[in-house]
Amino acid sequence: MDNNKLKHLEFIHNTINRMSTNSFLIKGWSITIVSALFIFSDNKMNERILGIAVLSIAVFWYLNGYFLHQERKFRGLYDKVRKLPENQIDFSMSTKEFKKDEYSLISCIFGKTIWPLYFSIIVMIIIIQYIAESTVANTV
């Protein structure tokens, strides 16, 4: 493989790694934030805490989908560049041409590795809220 193509593929690969790392960190932060909300709520679940928890999960869900969206587009660019002849390597990092359904933000947000995690966190938040309310109701 020629030096220019190899260097360009390396640039793209580094960007893909960054997006993947960001996605991983977002998952960790989402669980950390929700856990902190429950800890600092002083065992008094209310609609405000529930709303903040669900809203924060929705934001992290979107961000995770966004980073996966970017990663998929750069994977498309990587695939395109690896097929180019050496004289057509221009070191472009533009992903504008990758607009098919597989690259769409919606398909990434509801991708099979994303939605089950965030949906299950939201369900757990609601279950914890229900348990907290029934515990308070039983003690009164």
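Using N, Cα and C of the backbone, Cβ positions are placed for all residues, glycine too.
According to TrEMBL, the feature transmembrane segment maps to 24-43 (among others). Same-chain residues lying 6+ beyond the ends of the transmembrane segment (24-43) with a Cβ under 8 Å from its Cβ atoms: 49, 52-53, 56-57, 60-61, 63-64, 67, 117-118, 121, 125, 128, 132.
Per TrEMBL, transmembrane segment is recorded for 49-68 (among others).
Per TrEMBL, the feature transmembrane segment maps to 103-132 (among others).
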Quiz item: Taking a Cβ cut-off under 8 Å, which residues six or more beyond the ends of the transmembrane segment (103-132) line up next to it in the same chain?
Solution: 27, 30-31, 34, 38, 43-45, 50, 53-54, 57-58, 60-62, 64-66, 68-69, 72-73, 76
